[in-house]
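The annotation transmembrane segment is assigned in TrEMBL to 6-25, 37-61, 67-86, 107-131, 143-163, 175-192, 204-233, 240-263. According to TrEMBL, the feature domain 'PAS' maps to 274-318. As annotated by TrEMBL, domain 'PAC' applies to 346-398. The domain 'GGDEF' feature in TrEMBL is assigned to 428-561. TrEMBL lists 570-824 with the feature domain 'EAL'.
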């Protein structure tokens with residue numbers, strides 16, 4: 001704000017002084033109108049904010065000229081209206097500070113021809129009102145007023161613009177030269193005053209004006225014009241110089257010449273500067289640039305062109321450019337020429353060849369240059385070596401569309417391929433195969449992610465040996481693979497391919513010295529009968545794959561319409577599972593374990609059931625996998641632990657001397673940091689002695705992180721809790737590992753028991769397990785005993801306890817009490833006051 005006020009004060013001061021000088025040197029005439037030029041320059045440079053300071057001092061000149069109050073007011077208003085009129089006629093004047101030739105022409109029209117004409121016409125009318133004179137004097141006053149205003153507008157306005165934007169032309173290198181020109185001009189003006197009556201000698205100023213315009217621009221012209229005007233006014237030869245209309249007109253022509261010449265020279269300077277800049281850009285640009293004529297013959301190349309292509313300028317100039325003739329790319333060439341003719345430019349990728357013969361990708365942009373008549377004169381090609389960028393793009397494309405582990409297509413790429421297959425199918429059938437590995441999670445959790453990743457790579461390689469190069473093989477996540485068979489001529493062919501895939505995967509593989517067996521479940525959907533969109537085909541293939549899982553795994557299932565109903569039931573069960581806990585729909589059933597030596601009860605195993613509101617009593621095999629997938633198994637496992645402890649304590653308080661109750665821990669539950677604290681809380685909250693609780697775990701749960709698992713088991717053992725290995729004999733069981741774990745018993749999996757005693761292999765394995773377990777002083781429990789022959793074989797082999805349908809299925813708490821009482825398997829112990837820990 002302070003700067004604005006100072007600027008306005010300066011404008012008022014300069015305008016006031018110029019008004020005084022104009023009055024002092026005009027000798028009653030109007031040929032010296034310095035104030036008119038100052039007013040116009042102030043408005044053009046400072047804008048509307050200069051109106052106030054001009055208005056405050058516009059009265060000075062009329063007062064000095066002796067006008068009455070009404071005349072002062074009228075002429076003051078005229079002194080404001082004149083610059084406003086000129087400014088209104090010059091919108092966007094000298095943008096960027098460059099006073100160009102067209103700006104000079106506009107100033108010539110708006111200043112002398114309009115602004116000065118208007119001011120002179122209005123001024124003589126006002127003057128005639130207050131100082132009546134003859135018609136001859138009135139006309140002479142109008143001419144002198146018009147010439148004076150026109151002369152100083154043309155002198156002062158360019159001079160002020162030059163001071164603001166062209167100071168570098170006079171300071172400091174050329175200041176001495178400017179002073180010399182001013183001195184010569186001043187001396188010439190004084191000498192001319194001696195040749196009274198020879199006004200034509202004024203043309204001798206032309207060489208000096210030309211010198212000034214070319215060397216000092218508008219600043220030099222302004223200085224010379226003001227100096228000549230001042231000297232002329234001070235030399236008292238008014239009747240010959242400024243006092244004579246012809247002399248003033250001649251001086252005006254000299255000033256006009258200087259203004260136009262200085263503007264033209266400035267334009268040439270700017271153009272030359274632009275040309276130099278363009279030449280520097282052309283020479284130093286990092287992109288290759290070549291310019292051809294209308295016939296595509298090269299006329300210029302830059303240094304980057306030579307560096308990229310290896311061709312020297314002499315090798316290229318005069319030859320037809322290859323950018324219009326890309327071999328083997330006729331469609332691109334045709335499109336390029338069409339766009340150049342229509343839009344004047346084209347850009348795209350092309351293949352070019354270096355001088356050494358190496359082919360490289362280039363990104364090329366071509367622009368057409370036309371002359372004033374619209375005829376094509378040149379083509380400008382700008383290109384860059386696209387090799388590194390192309391490699392980076394290809395790498396990014398690969399990463400975006402391929403699985404980083406196996407190198408197969410990923411889900412996004414498969415979706416794109418499926419979209420293309422659907423759009424181009426024309427009802428021609430193709431198949432989508434959804435492959436999911438069986439028991440991969442067990443392998444991954446037991447042997448670690450490194451082995452799991454290596455297994456996935458092996459699976460991918462085996463799948464690739466089966467499918468053809470025209471099929472699409474993708475890994476869409478985890479252990480899920482998808483294959484798009486576009487050439488599916490019949491269902492039999494698809495079935496054969498699926499069977500080949502299954503057979504390829506069931507072959508054993510060795511990873512890190514460990515022999516692994518893996519199988520897969522395959523679901524198949526066929527276009528268009530099983531879906532007409534990629535989403536429907538994938539969904540239905542997934543549904544068929546889950547059906548393959550449900551029917552025993554390691555098989556192939558084609559999608560059928562009723563599978564969607566089953567999938568819907570599956571989804572409803574999963575949704576219901578999320579509310580089962582809060583709605584208290586779970587309950588525990590208990591299966592007794594029988595001591596083979598005494599025939600009495602040796603313990604119970606708690607087994608969860610789900611009282612589904614519409615499906616009835618749901619066994620764990622139907623919902624535990626869902627609970628594990630959704631993560632709800634942790635909360636469910638915690639409920640089972642607390643409920644089993646509570647019920648066991650109820651029985652003990654009722655006098656039933658049940659040795660212990662077993663609770664199965666899930667892998668996720670066992671991995672929790674707070675498992676030990678959770679068990680302790682369950683015992684404390686229920687009041688159950690720790691010795692009455694047995695926790696069943698699988699060996700795979702321990703092997704996932706043996707060090708941490710042993711620490712957890714030791715803490716549980718210190719509490720007095722019993723520990724058992726469940727499902728022993730499956731997976732990666734190893735008796736040598738058992739000696740490192742603080743366990744009390746192991747349970748032989750039902751898959752070995754069910755073939756006894758007829759199956760000699762199962763019998764041999766079972767006998768070996770029992771013998772080695774007994775040597776390790778472990779209690780052995782046989783699961784799934786359904787026949788007396790199985791029980792007798794196990795008892796003969798040294799098994800301690802058994803459980804199974806031979807004795808009882810899993811029973812509710814009330815039914816279990818009735819069963820125990822009926823069979824006499826438990827004794828009463830009313831005093832039962834064992835400590836919790």
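Just so it is clear, glycine is given a Cβ too, placed from its N, Cα and C backbone atoms.
Just so you know, TrEMBL annotations are computer predictions that nobody has curated.
Fair warning: this is a prediction, and the values are worked out from it, not measured in the lab.
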Between the domain 'PAC' (346-398) and the stretches 274-318, 428-561, 570-824, work out which stretch tops the count of Cβ pairs under 8 Å. 274-318
Return the stretch with the most CB pairs under 8 A relative to the transmembrane segment (37-61), choosing among 6-25, 67-86, 107-131, 143-163. 6-25
Positions whose Cβ lies under 8 angstroms from the transmembrane segment (107-131), at least six residues beyond its ends: 30, 36, 40, 67-68, 70-71, 74-75, 78, 81-83, 85-86, 89-90, 93, 138, 141-143, 145-147, 149-150, 153-154, 157-158, 252, 256, 259
So which residues does the transmembrane segment (143-163) touch in its own chain, when a touch means Cβ under 8 Å and the partner is 6 or more beyond its ends? 26, 29-38, 40-41, 44-45, 82, 86, 94, 97, 99, 104, 107-108, 111-112, 115-117, 119-120, 123-124, 169, 217-219, 221-223, 225-226, 229, 245, 248-249, 251-252, 255-256, 259, 262-263
